[in-house]
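Quick one: structure below, then a few questions.
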Ligand code: ADP
Ligand code: MG
């Protein structure tokens, strides 16, 4: 986890810098420009929302300019001996308007931000669901998890809390500077004299803050760790009269955490002091130049008052911007990691509906496989399935059955050999290759949240209600009739929970709807208890009837009904023939069969 945990810091050098080529076992990271383009595209999908958020934010920032202007006019009016009643009313009105618009702007920006984030999340999940197994095998699992977990959380947090404030502050700064310029360009230039001081403050703060905060997190964790260890082991510690040293260790770690905490606070106040210095430089310049202007008759006291108030108004938003710099950077670093996932090459080609009438021959030629640097789990596997033939794969746990099934289904690229369909190597097949002609039902089936019918339509979006019901009937899912809403019942997370056997039947019904010419069943019936297993076995048999089928048989009754049985041992095919032949041969399969019958 260490590498993943430090990744945001590593990229925090700036969301706008080009992405470095990632190590091959990490998912790619997008550039800042690319991320901005993707988010911009999503924003254009909701033009009303985007324009509204921008308009209200600008209006809110502009409303903040009214009060300083009114106050300046008031000063001039007082100097000339006029009445101030109207000004006071205007001030109250301006305050109300500004409050209202600020609230509206926060709502609009949050809504836009949440909508965009939802789009990014959807895109990430959609891409992750379609990642090729080879990619998934290659990347570190922690990298993917930290992206869909931590990175999404980080962006989400800044969208809900920081983003509205930051946008508000940025617009306020922009419009205030504009207002200063409109008022008198010489006063605006005076204000800009503060800029170098601000830059200096930021350049002092940024390189210190990230390591400081990281260290604070670390020492606080160490303190908690030490305390927990001592509390959990209190009995033992007391029994061995070791409480002295342990208490000392806890005290030492607490002292370190305290010192670092004080250090963080000192850093913070030092930065605050540097900010104040910048403010002083700017305000002093505005007042100084204003004095000269008023003396020379180039401006009124009221105008200079407005300018000073406008400049003073910058302090709050500028502080917000500078203090949230870290957070914005971290959120940006998380965002480019998310967009990196979105941009992974699309392996999804519009699925061609396989022609259901043709039953192809499948051939595995010299298949070998090893996971990563591990030992070979498949070696020299040659296996031919004739058109429409049903082959049962039998073997002890760990023999390599699941691996072989995944290779045949195109879910796993073997490290040696190739799969041929009707003599064509998988690499030469059109579309998504094997995945378009083979359906795999594995033990780990997932029921997606939604209606049961929608779940089945994952396999064929244009399936009618009749198709859906027929598929469920074919696989023997009689329990559907007992559901409160039939196939319209919500299932999966938040809906009716399905038993593992029912989930298996849903997966089988999906296979029926997808209607692939080749089917691979991996332990599809192993989940159920003995009574349910029989039913599942029937469902699996019906769902695969007429297809070229490889079934990983855990119940040997499945092997009995197959056209041919293949016995796998330690990654190699050791026996092959019909059930009767193999029983008669008295080899490994015969032993398994005797054991199975005598259960
Ligand atoms: P079976 O389905 O016959 O039980 P598997 O194909 O699941 O056998 O596993 C064959 C061997 O490969 C086993 O030794 C197993 O530990 C190993 N193996 C399976 N999946 C992985 C994986 N993802 N990474 C590393 N080793 C694996
Ligand atoms: Mg297995």
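Any Cβ shown, glycine's included, is placed from N, Cα and C.
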According to TrEMBL, which of these ranges is transmembrane segment: 49-75, 130-156?
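Of the candidate stretches, TrEMBL labels 49-75 as transmembrane segment.
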Write down the single range among 4-21, 22-39, 112-129, 166-183 that appears in TrEMBL as transmembrane segment.
166-183
Which whole number is the mean pLDDT over the domain 'ABC transporter' (362-595)?
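Taking every residue in the domain 'ABC transporter' (362-595) and averaging pLDDT yields 88.
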